[in-house]
Amino acid sequence: MELFYKINFHELIADILSLIEERELSSKNALERTFKRVRGKDRERARGLAHAYIFEIEKWKRKIDFIGNSVLKGIKIEELDPYLANLLRIGIFEMKFKGVVPAIATDSIVRAVKDKYDLSRAKFINAVLRDVESFDVGKALEALRERDKIEYLSIKFSHPRWYVEYVIDLLGYEEGLRLLLSNNKPQRYYIRVNPLKTDIDSLSDYLEEHGVRVTRTPVDDILKVLEYKTPITHLEGYKEGYFVIQDLASAYVAHVLSPEKGERVLDLAAAPGSKTFHVAQLMENTGEIIAVDYSLERLRKMETKMKILGVKNVKLVHADGMKFKDMRKFDKIILDAPCSSSGTYRQFPEVKWRFNKEKIKKVIQVQKAMIRNAYKNLRDEGEMTYSTCSIRIDENEENVKYALEKVGFDLVTYPFSWGERGFTEIGEMVFRSFTHLHDCNSFFIAKLKR
Ligand SMILES: C[S@@+](CC[C@H](N)C(=O)[O-])C[C@H]1O[C@@H](n2cnc3c(N)ncnc32)[C@H](O)[C@@H]1O
């Protein structure tokens, strides 16, 4: 493979993994940034392969680290220099998950370590990878199962320990396990039609003509992708904004909000804009939508996307959704709050490793502050959807209870046409989807009223 990037393929992967870890970038974003510097005739092929490596290594990171830590002596993989740890992870992944001949996997990693560090560290990694080669993962997992069942599941399915405990508690053992399994399945794509440019039937025909087999879903303007020949984002129809790629449950939010033409809508955590644009399209570009987000980078991407989609009624505002206050109140509010993202593990495996108990506590404080601020911005009788892509009750039902008991909202009885109901005493009034049941992100939606 000929690349003009001054490092080899394994170093490139280690670079991307380190970016994801240290700067908390998404896999997609880290890949995009790194590949901006890559030239050469094999660029596209390398990009596809890099994407597959990154996605799988992030997915299996806990299991990979278990193998590494089982053979390392006196140090843990997480304590190594992050870049060195990532090179080691790539070696373990190739050997134990991808079936690369151990000598070949070891050789390319050791060469990368020698180039980047020195001979002594190359020798160290060589010895570790030799031990990895003879390490019996199945036997070690069996021994672990005897000692600590939760830890065993957490490593076998490569999920954070807190998540395994949480879903077994929430759904029971059998169903919790089904969720873990479904999170490790290949990503499912959904396509939402842009009604400003086309309609669902014409879009279905267009997609079928271009080798994308689709089927209808419980959400009227969303198609489920069953099969495709070339990446969907390479289609002209995508580049021209005839459709967007949006998760099924995420696309239900705008319908639950039910915006009407001419209304004023506030989106308090808008970027990258899927729900804002959906609402704009349902309102047929009438009224006004104020889209707030505190990430300038994400707002800039939103600005570009808006033009492609032909959305004209959205004003972007760089502000803190916990404090933003407009002169006039709003008819409707979308609060798609920042969250632990624990419902998106199939789509974004890197988020599995980002949230611990402390960070979850902090994000819940942000969610509550946003709920309070939403109330201040909503007119009397105005309505709001509160949604998250989290599986946790404290980010969902508990926050809705907080909105009812401490802030002054009422719950709206919405006739959800699909999905599950939630937990606690308000459970019957809210929407939940789960990856193992609905083949989309695990998601939460509640409709509230001032
Ligand atoms: C779940 S995402 C929103 C996704 C978006 N609604 C969509 O459908 O495309 C949460 C967003 O909240 C933003 N965010 C986090 N804290 C914020 C704050 N204090 N004020 C405003 N936005 C914030 C993040 O930048 C992120 O874009």
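The chain as shown is numbered from 1 upward.
Each Cβ is built from the backbone N, Cα and C atoms, and glycine gets one as well.
Just one of Asp320, Asp380 is listed by TrEMBL for the same S-adenosyl-L-methionine site as Ala269, Ala270, Ala271, Pro272, Gly273, Ser274, Lys275, Asp293, Asp336, and that one is Asp320.
Long-range C-beta contacts of Ala269 (S-adenosyl-L-methionine binding site), restricted to its own chain and to partners at least six residues apart, with a cutoff below 8 Å, comprise Val292, Asp293, Gly321, Leu335, Asp336, Ala337, Pro338, Met370. Residue annotation for S-adenosyl-L-methionine gives Ala269, Ala270, Ala271, Pro272, Gly273, Ser274, Lys275, Asp293, Asp320, Asp336. The furthest Cα pair among them is separated by 19 Å. For the recorded positions Ala271, Cys389, the greatest number of Cβ atoms within 10 Å around a candidate Cβ is found at Cys389.
The distance from the Cα of Cys389 (active site, nucleophile) to the Cα of Gly273 (S-adenosyl-L-methionine binding site) comes to 15 Å.
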